[in-house]
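Novice: The domain 'Protein kinase' annotation in TrEMBL covers 22-307. The ATP binding site annotation in TrEMBL covers Lys49. Annotation comment: TrEMBL describes 308-360 as coiled coil. What TrEMBL records for 363-384 is region 'Disordered'. What TrEMBL lists as repeat 'ANK' is 420-452, 454-486, 487-519.
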Amino acid sequence: MTTSADVHVHLGGQFGYQNVHVHTSKVLGTGSYGSVVKATLDHLPCAAKILHTIFFRDDDPGAVDFAARFDQECDILRSLKHPCIVQFLGVVQDPSNRRPILLMELMDESLTGFLERATTSLPYHVQVNITHDIALALAYLHGNSIIHRDLSSNNILLRGGGSQAKVTDFGMSKMVEANPRMTRSKITQCPGTPVFMPPEALRAKPRYSDKLDTFSLGVVTVQIITRCFPTPTDAEIVVEDDSEPTGQRVTLVPELQRRQRDIGKVPPDHGLLPTALHCLKDRPRDRPSAAQLCQSLGQLKTAEAYTASEAEDQGRRLEQQLRLKEEEKEAEIARLQEQMRQLTTEKDHLASQKQREIAELRSQLQTSHKPPVQRGREAMTVSRPKDEKALYDAAHGGDVSAVTRLLASNVNINCTPYPNGWTPLMTASFDGHVEIVRLLIEAKAQLNIRGKELGATALHMAAQEGKADVVRLLTEAGAQLDIQRTSGATPLFMACQNGHSDVVEILIRNGANVNLPRDDGTTPLYMPVKMDTVKW
């Protein structure tokens, strides 16, 4: 069914509620007549059955019949109150098209879906419980002169993993004997699901009683045991008969024979097998009534096999709960251990960072107390901020002549004029300006100064950006190969992380430590880098 916008209806206290919200996009199931979707009555989750809009078109000759069936289902549901029958909540109309929407109790899933999802046979006591609940529902219906006529695993809904079963979908149900004028011919139409139908319902002019539902329960019982959808053979076969003019006649196949493929999958000593076989008798009078089924199934629930299955299942559930608790406990321990590891790493990182900051401060203090003398091209003087910015910008922009001129003007070569704490050497290395890097190295620029943000050096930046020629210059000039950033990453780590195999080769050949981990314990060896020529 193609879903449209959600439906909102104000009830104003109708059947005890103020508002209903039908979630047309949250489909629970679909069929030839429509869809069942999730809905909310005030704050109560429920299910909403919506017929296809085609059944309410004025030009559809069958629209009146479909609407009548829907009304019939609502009328039947209004009259039913039983714990094994899906509870009716009310009927509302879609304000946009006046289409009726049936509201009913929300269950977990259908018996069909439950059996398809099961990977092993259901516990014996669960099989008995589901069968017993269905029998109780049929006994109640038959006691109220109602034949379901379409009992199948699709119309049996479950809750709590099979702990409770309820019968639903009464669109095909028929009232019998409630009207003394109703004749036998009134119930000669049988529109149910064929594989669940008894032989009398498959005839050209079917006549049946409430034993039709009993037969369907027998089919469902075999399905519950085997977890296989019914696969009967043909109901009729052609046999040779010389008394017939054609020499042949059509005869019905006994049900136990045509369903042997399914019945054969049931263990011979299974407690429910006699009940199923009793229900599958060909003649309706040979089948038990729903009330008799309730009695025999109730007796099964007091037998040793049932109580043993219950005890085994309880033990299995208890074991599962203990296992889950154990897994939760192990997960919590692992979480706490990881938290402690992170705290320890953070503590070590902060301590390392503080040590580096102290070392930098000491270096700056020593530099600031040196006399402003000129030694070769190393200018150790306090320069003007304007010149420092000019040097940085020229290094960043690759302006070789400007850098040469500024170096000659005695500017502070290790200046950090911007908040990121980068020196001219750092930005030139990052951008790959080889000639400027060479000029700064010759002017005795400090190679291992760290930036303020991430603690990276010029070598880090060149390695990260894959500037192999710059890396080679810095390495030959004596830059520290294994110096670590704030995160603990070395230049080799940065090259590996970004896939610069030529830089990796230069660093390794010059003695970079391939096993030096980052603060999180990751080493360059574990970085996903494709290196065709580099040998570790």
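In case you wondered, yes, glycine gets a Cβ from its N, Cα and C as well.
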Novice: Under a criterion of Cβ-Cβ distance under 8 Å and sequence separation of at least 6, what residues of the same chain contact the residue listed as 'ATP binding site'?
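Specialist: Once residues fewer than 6 apart are set aside, the residue listed as 'ATP binding site' is near Gly34, Ser35, Val36, Ile101, Leu102, Met104.
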Novice: Could you pull the average pLDDT for the coiled coil (308-360)?
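Specialist: Reported value for the coiled coil (308-360) is a mean pLDDT of 87.
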Novice: Let's see if you can do this one: DSSP helix, strand and coil counts over the repeat 'ANK' (420-452), in that order.
Specialist: 17 helix, 0 strand, 16 coil
